[in-house]
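Here's what TrEMBL has on this protein:
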type	residues	note
DOMAIN	51-271	domain 'Calcineurin-like phosphoesterase'
DOMAIN	353-481	domain 'TMEM62 Ig-like'
DOMAIN	505-712	domain 'TMEM62 C-terminal'
SIGNAL	1-24	signal peptide
TRANSMEM	502-528	transmembrane segment
TRANSMEM	559-581	transmembrane segment
TRANSMEM	614-638	transmembrane segment
TRANSMEM	676-693	transmembrane segment
TRANSMEM	705-727	transmembrane segment
């Protein structure tokens, strides 16, 4: 066996023996404080509370309209709505340069945020203590340690001004009907705030999950409210699809299911991915993907003979509702809780203010209602349950409301037929009013139907100026049947895929494809080394091309060996070095397993800081640069061999003659005018290099990289090897 074959076997052994286990992110201990507050909700209507959510404000010195619109619209809207809470779920500032490539916090943006929120609070007339703002990934760009001098969130945020310094914030709204518990969570990377783009995921820890568990258990053993209803809502920045696992492979979902929260409301994704970024969660065995908005399960009913006392223990489900963004859409959400039922309406101020906003609170939209508990509420109702007796809606208006009308349509025939048209009355309250709740009694039993899409609801409100606004048509199901609604492709990609779980298998599949392609070429060449491939017609040329695709690149042993070595380099060595946190901090290096540094915040760090966030660099490089480059180089080698066959068949020369003439310089030939496949491959090569150049440029800007010093292999290897392969295959 020759030295070259021994070299090949050694490389293969190194590949197969390389470990495939993930290293967990470790770091300095982080203390997750738990801040508890309670608010007595006074005034009518007593059965309903409502809060406002905003997210992804992205205040930027390069886009001052975001802050100016926030001042113009949010303050006046809050003064009319009078919510019990205002929740701002992350990405308060943008932290990006004008070209969007450099990502680090800027104090000017934070000063603008502080001034804007103070002005909005003053305009709204609301108590500052009902405002909660959480940290998003943009609010931690380039922060070496939370609470340090570069952490402007701890200096300018509302939570900081009010002394809320923990990672978990708990506030309970108390009413005569019961309690409504809201728990806010900050799951940004606690060890250090990496710069983007490798700061994309939420990173909860086991300790944070324990704190959330305790916060959600706050009223579980309360004797005072043992018979009262406790509605639980969690708010945070990161959707679960972009939340990593903890050190012990636990996740937020299991904590939320344990406590049967009603909803988890979040931001992060923005509305550009779709308007149906909603996901229903049940206990599922599939940890990678959920193919539809409603997690598949059989409908569960409670038999009346078994009693309904234990239904709460059996219900393990919750909704996840991403709300869009203020950055582009000027999105604004009102979330209402009516007798334990949670509903919401999203409005936007992109085209100006809204004089009238309608929030139907019952019946619920059958597309986003709880699949199990809603059915059980219907099955387990008793004489004391009055929530079915009336249709109800909150109406907020700048001017006095003249009339509110509810319309119900029957869609059984495929067209909307009006079956109920009734004027609603305003619910009077002895005490001061927080808002206007309108209602109308109805014969709800007449609308019980096995189809969740048969009946549709619309509410129209008219103020004294004559302005009329209608709520969007929505299906409802009195008996709690869930209407299915599908995601678009982009919505599925960002909400249905659990990217933290997908990254690892996806990475190894890509590496396996690359290595197998090269190894199969080597094996095929060994079997077909002495086999002469010729062609007489189009079909034979096509077969010859396919055979050459798997045999010709190893003939150029230099290119094949370098490619194989480059793949091993990507597995074993740092891809590049950069300032992942601050330009005056430690120089770190990145691998497919994350960022690593000798010391980080004075604590020894293992590889894996920013895992799986580094997937935004690793996967695009492998999918759009490495794999296409390997395929193009193999195709260039195959094209040369096939064209040699064509050339010899046209000239009548023998291959050995051609070899002698080529060696002596007699037949040299770019033969540019006829090699159309080669022309196409050269265009593809240019596209690969262009894509790679854009990625390298982004990394140079993002991490203060000198490509010649910090990333020579990453930036220049593929373009150089493509150029070398083009040169080697230019002659026949």
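Placement of Cβ uses the backbone N, Cα and C atoms for every residue, glycine included.
Ranked by Cβ pairs under 8 Å to the transmembrane segment (676-693), the stretches 502-528, 559-581, 614-638, 705-727 are led by 614-638. Non-local neighbours of the transmembrane segment (614-638) in the same chain are 197-198, 200, 499, 503, 506-507, 510-511, 513-514, 517-518, 521, 545, 548-550, 552-553, 555-556, 559, 563, 566-567, 570, 575, 590-595, 677-678, 681, 684-685, 688, 691-692, 695, 699, 714, 718, 721-722, 725-726, 729; each lies 6+ residues outside the stretch with a CB under 8 Å from one of its CB atoms.
Helix, strand and coil counts under DSSP for the domain 'TMEM62 Ig-like' (353-481) come to 11 helix, 57 strand, 61 coil.
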